[in-house]
Amino acid sequence: MRVAGAAKLVVAVAVFLLTFYVISQVFEIKMDASLGNLFARSALDSAIRSTKPPRYKCGISKACPEKHFAFKMASGAANVVGPKICLEDNVLMSGVKNNVGRGINIALVNGKTGEVIDTKFFDMWGGDVAPFIEFLKTIQDGTVVLMATYDDGATKLTDEARRLIAELGSTSITSLGFRDNWVFCGGKGIKTKSPFEQHIKNNKETNKYEGWPEVVEMEGCIPQKQD
């Protein structure tokens, strides 16, 4: 009887040890698999983050070099959506800021520091061009000037107003017409014509909207004024 009891005990212990071994092996395999999945997910997340394109100031397509201001701007869309002007990741004018209006929208920026000097809009359909002309005459040398049309920016423009804008570096201002879309970035005291200007004519054959051309957009890097 004692021999039989001892044999049963040995068998029971052996079964227990075998069961424990099997369970431990299964657990170890699952643990290895879980850790493997965890590391795989971490590597995948890291790869996704590393391949995500970087975001540059104002959402422009590439970073600006040192001593340059990043800017992006868009004209208005028909008479529904106002223009938008962004400089150095700071939205200067937009419909959301509620500081845009029909006509020519203009932002003045210190060409050395990038600080905003003023933002205004002038109604060139139902307004008076005289205040706009006086405003243009007050712009100081070294000032960066950004302009964008909304609805109609040309009807009330006079030759004098166009000349003052041309002196800021604009080429297209002489041909800006009724309901054309136009964006421009120039400066007071500029010695050459500005490379930053886009102009789309109002043409019923090509207009995107009924009575208005498509929105015109522009981005770039403005050289910082040096002493």
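Positions of Cβ are set from backbone N, Cα and C atoms, glycine also.
Candidates considered were C86, C185; Swiss-Prot assigns the disulfide partner of C58 as C86.
Cα spacing between C221 (disulfide bond) and C58 (disulfide bond): 11 Å, rounded to the nearest whole number. Neighbour count (other Cβ atoms within 10 Å of the Cβ, all protein chains): 21 for C58 (disulfide bond). Contacts of C64 (disulfide bond) defined by a Cβ separation under 8 A and a same-chain sequence distance of 6+ are given as Y56, K57, A70, C221, in order along the sequence.
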